[in-house]
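Novice: According to Swiss-Prot, the record shows the following:
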ACT_SITE  CYS95  active site, acyl-thioester intermediate
ACT_SITE  HIS347  active site, proton acceptor
ACT_SITE  CYS377  active site, proton acceptor
Amino acid sequence: MSLNPRDVVIVDFGRTPMGRSKGGMHRNTRAEDMSAHLISKLLERNAKVDPAEVEDVIWGCVNQTLEQGWNIARMASLMTQIPHTSAGQTVSRLCGSSMSALHTAAQAIMTGNGDVFVVGGVEHMGHVSMMHGVDPNPHMSLYAAKASGMMGLTAEMLGKMHGITREQQDAFGVRSHQLAHKATVEGKFKDEIIPMQGYDENGFLKLFDYDETIRPETTLESLAALKPAFNPKGGTVTAGTSSQITDGASCMIVMSAQRAQDLGIQPMAVIRSMAVAGVDPAIMGYGPVPATQKALKRAGLGINDIDFFELNEAFAAQALPVLKDLKVLDKMNEKVNLHGGAIALGHPFGCSGARISGTLLNVMKQNGGTFGVSTMCIGLGQGISTVFERV
């Protein structure tokens, strides 16, 4: 494959183990420390990359307050081997924040505004709760349905519109845990998880190199016993078919193809296209459909050209309609989220975009895929997608 000098390549990817937000492994670790540890370790294992060459650290984070406030990208960067002469910015596109961080770096590289970037994101939902400090404008109800701000109800709406049953959602939830457990047992996450010290349930310090969020004992029967989480009367979305509230961070080293060649680095993949799109906030979970269609058009590809997909599992009731309208539902078991997704691993907001993209690249490497798409829905009605080609 021939690459153009300003093509954007992914050099490496790493993430923390995913921790439960309630009493989980990261309960005594701050978001900046988690981020700095990840950046440092990823740079250590890529010795050909000079930290002084990093143009910018672009970090996704949604709730930018408390320990995640005051530009956590810069806070974390200053705690690493990256010199203070490099810059740092924190970005938020809610659930799509760290994928937007990747897009921002890619756009800079494409336009000659830097060659080497560190991108990723973090969310410590145990320390900074989802609604901490949030004050929604009551006037918004003049422009969007009140329930649009309640993600679970938007998932209920989307599932109802597309005829998604409770049984289908439960099966999807079981699949996520089973595949994530299988990937763990088979060592499929070995290259992406950067081990971190944390505390076990007894309060003992230990080195975690696995996700504590996966529940391999999950069954259809256990999920069927759960009550609806958002709509008590007739709802179908439960805690077992929703993304978990977790703590975690993810990181990528991104550079121009020319700089990678100069350094003698073999990249993981090249970005072929990117896109964002908006939808009615009432069906926010549908955003990946127009975003992916737009990205595929920009890449000159069709849906059948894509070997593997990573779709953020915000809710089973949201993921299934997306797969249905992208015409890949019948190929789900061969192409989609082969290592499970956010139902099993969790959805630390600022972390997830880079997390699913990096997991996708490892799935492509392990299974010999050429093209892959990572995509996710975004609160208040957006979607974001990236098309990768394996190098």
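Using the three backbone atoms N, Cα and C, a Cβ is placed for every residue, glycine included.
Mind mapping these onto the model and telling me what they sit next to?
Specialist: For CYS95 (active site, acyl-thioester intermediate), the same-chain residues lying six or more positions away in sequence with a CB closer than 8 A to its CB are VAL62, ASN312, ALA314, HIS347, PHE349, SER352, GLY353, MET376, CYS377, ILE378, GLY379.
HIS347 (active site, proton acceptor) falls outside any helix or strand according to DSSP and counts as coil.
Under the DSSP three-state reduction, CYS377 (active site, proton acceptor) is assigned to strand.
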Novice: Tell me the Cβ neighbour count for CYS377 (active site, proton acceptor), meaning other Cβ atoms within 10 Å of its Cβ, over all protein chains shown.
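Specialist: Other Cβ atoms within 10 Å of CYS377 (active site, proton acceptor): 32.
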Novice: Going by DSSP, is CYS95 (active site, acyl-thioester intermediate) part of a helix, a strand, or coil?
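Specialist: Looking at the DSSP assignment, CYS95 (active site, acyl-thioester intermediate) belongs to a strand.
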Novice: Including all protein chains shown, what's the count of other C-beta atoms within 10 A of the C-beta of HIS347 (active site, proton acceptor)?
Specialist: 26
